[in-house]
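Take a look at the structure set out below.
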Amino acid sequence: MLHPRARTMLLLSLPAVAIGIASSLILIMVMKIASVLQNLLWQRLPGTLGIAQDSPLWIIGVLTLTGIAVGLVIRFSQGHAGPDPACEPLIGAPVPPSALPGLIVALILGLAGGVSLGPEHPIITVNIALAVAIGARLLPRVNRMEWTILASAGTIGALFGTPVAAALIFSQTLNGSNEVPLWDRLFAPLMAAAAGALTTGLFFHPHFSLPIAHYGQMEMTDILSGAIVAAIAIAAGMVAVWCLPRLHAMMHQMKNPVFVLGIGGLILGILGVIGGPVSLFKGLDEMQQMVANQAFSTSGYFLLAVIKLAALVVAAASGFRGGRIFPAVFVGVALGLMLHEHVPAVPAAITVSCAILGIVLVVTRDGWLSLFMAAVVVPNTTLLPLLCIVMLPAWLLLAGKPMMMVNRQKQQPPHDNV
């Protein structure tokens, strides 16, 4: 016979697996539709019209029209496409299901149109809302927080193709006690994350690792080098943290989201012309292209890092629906490659992984997630002790510093009043 603790853990196992599978399928559906629309906008349509897809006019035009389209969705859809991600943490409170169609459409348009944001925040928001709404009907005795945790764990597992990220994130939020050990609390979320990851793996495998030269023996000087690289990435990220709420307040003085996002799309188009096509979109495929190309100089990598960081801030401040983690990883890769080009004596594995750690730490303020992203982009077990040590001064630098988020009290009134 199973112990009562084991029976308690098994109670949510089936719902957890179902939520993990559903979270992955929703992610896959959204990404597939966005991919088809992206191919239409950036491959077939310019080819039909006889225009180069990297033409400045085309880049500016598509991003401006994308901004206007997203603005129209936010202005006129029920629920205004959910909350502004610039004002929300990665895992937030459930939103009304009526806001989800507009949120999904706004996300797909942004992903396909080349906006420098990832899918993570809106997808987690959608899955939490559905899990809470459906779960409350089927199992009303289970509280909303449990459904929120299961949906976010399943989505994180699906996004990264592994339950490890969910385990790391929730190990610091689901505190154990003398009565309920931590792993009892983690059991159902890990089931959801594993189901989400395995379902994603049936359709495609998220590819984060970069072909960077293997790092061998760790030296004491490498720790100092890694700490300096992380500090540089943190400094760059804190510039974005300072800019985001100010730009957000300035742009939203116009109140009408069609104008705000249209102007935001225009600015993103201009940044895209300067940075080139590799600086567009969420950044995961583009960072693979950047590393494989090997045609950039120190100044070229620096320009890409600055453009992508600026595009991230503009997209978030404008109110585009998307997450900030994936483009931040691109910024970290560009910064790391730039620093390696500038000081070749420091291995690229150190500069890239420590830059990712620093910039993701600024964006998420989550040490485990930052370590995870650095480790999966530069997969080398020799780096793990170094990254753990470098995390310590990086965390000290950010202690008490503002988050990359707009103060909720500064949010504009609903667009119903416009």
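Placed from the backbone N, Cα and C atoms, the Cβ positions cover glycine too.
Going by Swiss-Prot, these are the annotated features:
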| type | residues | note |
| --- | --- | --- |
| TRANSMEM | 10-30 | transmembrane segment |
| TRANSMEM | 54-74 | transmembrane segment |
| TRANSMEM | 99-119 | transmembrane segment |
| TRANSMEM | 120-140 | transmembrane segment |
| TRANSMEM | 149-169 | transmembrane segment |
| TRANSMEM | 186-206 | transmembrane segment |
| TRANSMEM | 223-243 | transmembrane segment |
| TRANSMEM | 258-278 | transmembrane segment |
| TRANSMEM | 300-320 | transmembrane segment |
| TRANSMEM | 322-342 | transmembrane segment |
| TRANSMEM | 343-363 | transmembrane segment |
| TRANSMEM | 371-391 | transmembrane segment |
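Within the same chain, residues 305, 309, 312-313, 317, 328, 331-332, 335-336, 339, 346, 350-351, 353-359, 361-363, 386-387, 389-390, 393-394, 397-398, 401-404 sit at least 6 positions outside the transmembrane segment (223-243) and bring their C-beta atoms closer than 8 Å to a C-beta of that stretch. Fewer than three CB pairs closer than 8 A are found between the transmembrane segment (322-342) and the transmembrane segment (258-278), and contact between the two stretches is not assigned (pairs 6 or more residues apart).
Recorded stretches compared: 54-74, 120-140, 300-320, 343-363, 371-391; the one with the most Cβ pairs under 8 Å to the transmembrane segment (258-278) is 54-74.
Counting Cβ pairs closer than 8 Å and at least 6 residues apart in sequence, the transmembrane segment (186-206) and the transmembrane segment (149-169) reach three or more and so form a contact.
In this chain, the transmembrane segment (54-74) lies out of contact with the transmembrane segment (149-169); the count of Cβ pairs under 8 Å, excluding pairs fewer than 6 apart in sequence, is fewer than 3.
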